[in-house]
Every structure is written in structure tokens, then in C-alpha cells.
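Participant: Before I ask anything, here is the structure I am working with.
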Amino acid sequence: MMTERTFSIIKPDVVKRNLIGAILTRFEQNGFKIIASKMVRLTREQAEGFYAEHQGKEFFVPLVEYMMSSPIVVSVLEKENAVKDYRTLIGTTNPETAAEGTIRKDFALSQRENSVHGSDSIESANREIAYFFTNSEIFER
């Protein structure tokens, strides 16, 4: 097995409820190393750029507004099978259908306020990591 990296966003609903530590703890309890992490406040340009693939969809504007509503925590996580394992850990987009014990089942407020974002492929992870982090901000552990 090869060690992979994935990208995570702890979204505004978690930050506003002061649950950042609970989410980061879940990452570590599930074998992920946090090799980069920072809190950022997205500008409209950053939010629209990050979610550009959804431009024109009905949920795009509300999603951008939501992601700008509070600071977020962006992180790079590392472990074997990081992308797949992270997707399993966070659960489905809709918390009502997410499996018991997943982050979204336990923390999400709604399908939009679903607590976390996770890359859906290694290619997406690499692109999303580069969107928020320079190589000098990522640390081997």
C-alpha cells in the first residue's frame, strides 16, 4: 500500500459551533496524520474558484455564500488509502442517509451544512491541496 494525501475542509457549521477539535480528533483516531492545517476566511473569488465545477447549478450561489459565512479549517491528511478512507469516515453528502458513526451523521445540520468536505479522488486531492497550500506549508511526519 502507498501512503496518500487527501484534502479536508471543516466547514462553517462546525466552526460556528466550536467543534473543530472534535473533528480533528476523529481524523487522528482513524489513523490520519494531519500534515498541514490552517484557518482561512474565503473571499468570494476563492469560494467561487474552489467550487467552479458547480457554477451554473442551482446550489452554487447558496454554497458560495455558506462557505464565506465563517472561517473554515483546511487540512492535508495522510495515510494509506487516504482518499477512500476519508470518504468513508465522513459519510454521504446528505447526513440523513449517512452511515452511523460517520462525521456527517454525527455533526452535520443539513445537506448544505454538512460539516466537512473531502476530495473524491487523488487528482482532486492534489488540485485542492495546491489551491490552499504551498509545499513549504506541508510537513512530513
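Even glycines carry a Cβ here, placed using N, Cα and C.
As annotated by Swiss-Prot, ATP binding site applies to LYS11, PHE59, ARG87, THR93, ARG104, ASN114. Annotated active site, pros-phosphohistidine intermediate per Swiss-Prot: HIS117, in sequence order.
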Participant: Cβ distance under 8 Å to the residue listed as 'active site, pros-phosphohistidine intermediate', same chain, sequence separation 6 or more: which residues?
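Facilitator: The residue listed as 'active site, pros-phosphohistidine intermediate' has long-range Cβ partners PHE7, SER8, ILE9, LYS11.
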Participant: Here the binding-site residues are THR93, ASN114; which one has the lowest number of other Cβ atoms no more than 10 Å from its Cβ?
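Facilitator: Comparing Cβ neighbours within 10 Å for the binding-site residues THR93, ASN114, THR93 has the fewest.
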Participant: Let me know the DSSP-derived helix, strand or coil state of the residue listed as 'active site, pros-phosphohistidine intermediate', please.
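Facilitator: Reduced to three states, the DSSP call for the residue listed as 'active site, pros-phosphohistidine intermediate' is strand.
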Participant: Relative to the Cβ position of PHE59 (ATP binding site), how many further Cβ atoms are located within 10 Å?
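Facilitator: I count 12 other Cβ atoms within 10 Å of it.
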Participant: Going by DSSP, is ARG104 (ATP binding site) sitting in a helix, a strand, or coil?
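Facilitator: Reduced to three states, the DSSP call for ARG104 (ATP binding site) is helix.
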